[in-house]
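Q: Below is one structure. I have some questions about it.
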Amino acid sequence: MDVRRRFGGGPVAGVLPVGVAVVVLGILLFVVRDAAYRATASGAVALPSVVGGFFEVVGELGLVVLAGVAAWLTWRARSRGLEHLAVAAVAAVSTVAAYVLSEVVKGFVREDRPCRTLSVHTVAACPAPGDWSWPSNHATIAAALATAVVILAPVWWRLAVPLTLAVGASRVLTGAHYWHDVLAGFVVGVVVVWFGTWALAPTGHRLLQRSVASGPSRWRRVLGQGYTPRYAAPDLAEAGADPEGEGSGQPGGPPAR
């Protein structure tokens with residue numbers, strides 16, 4: 001079974017036009033970063049305080065909802081076979097990798113928060129010095145989780161995509177980030193999880209096959225496998241042997257005629 005079949009024409013299908021659009025948008029947002037930030041943050045402050053509080057809640061609660069959906073889909077994958085479970089597990093690992101990468105980039109770029117460098121009153125308190133701005137961790141995590149959700153169950157894009165955009169927008173509305181910080185976070189999250197899952201899902205599938213074949217029954221139950229699956233002995237299956245010895249009375253023997 002092709003673990004990568006859910007990616008359609010491959011991980012790079014349609015990437016070029018999207019990539020060009022993202023680069024152009026990123027350049028524009030960087031050029032107007034100060035003006036765009038001031039307009040957004042000041043506009044949010046002018047709204048009723050309850051609205052500002054809502055923006056803060058969206059930034060945190062959105063991540064919780066996305067993580068909950070991703071966790072549920074991962075749990076559900078157990079009952080759909082090791083192929084689905086492997087994709088879910090690799091997507092989860094890739095999500096963590098996206099967050100770690102965003103932290104590494106933050107420490108390398110060391111861009112100050114706009115709420116610290118610009119004289120703008122903001123909805124939320126400005127993070128402490130040394131808590132760098134580019135890229136946005138919230139945007140990275142939201143985009144990574146949303147990408148994992150869409151890979152596991154494409155129909156969930158209707159929730160995942162708008163919620164991710166809301167999380168990203170909330171980071172600018174509350175004054176924590178520039179718009180280009182959020183866009184960069186989106187790019188990191190999507191790229192790492194999409195390409196990471198495509199590249200590593202087959203390896204994850206093989207590792208799960210071997211662990212089920214050689215592991216204890218308790219481990220098989222954890223993985224949702226209450227029995228030894230038909231691909232527990234892939235080498236025999238690929239060689240055309242009969243691992244069950246059906247029809248011959250001999251293990252691995254030819255079928256009886």
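Note: Cβ is positioned from N, Cα and C throughout, glycine not excepted.
TrEMBL does not curate its annotations; it predicts them automatically.
Just lifted these from TrEMBL, have a look:
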- 12-32: transmembrane segment (TRANSMEM)
- 52-73: transmembrane segment (TRANSMEM)
- 85-197: domain 'Phosphatidic acid phosphatase type 2/haloperoxidase' (DOMAIN)
- 85-102: transmembrane segment (TRANSMEM)
- 139-157: transmembrane segment (TRANSMEM)
- 178-201: transmembrane segment (TRANSMEM)
- 235-257: region 'Disordered' (REGION)
Q: Given a Cβ distance threshold of under 8 angstroms, which distant residues of the chain, six or more beyond its ends, lie next to the transmembrane segment (139-157)?
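A: Beyond its ends, the transmembrane segment (139-157) has Cβ neighbours at 6-7, 62-63, 66-67, 69-70, 73-74, 77, 84, 87-88, 91-92, 94-95, 98-99, 101-102, 163-164, 167-168, 171, 177, 181-190, 192-194, 197.
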Q: Would you mind giving the whole-number mean pLDDT across the domain 'Phosphatidic acid phosphatase type 2/haloperoxidase' (85-197)?
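A: That stretch averages a pLDDT of 95.
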Q: How many helix, strand and coil residues does the domain 'Phosphatidic acid phosphatase type 2/haloperoxidase' (85-197) contain under DSSP?
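A: With helix first, then strand, then coil, the domain 'Phosphatidic acid phosphatase type 2/haloperoxidase' (85-197) has 84 helix, 0 strand, 29 coil.
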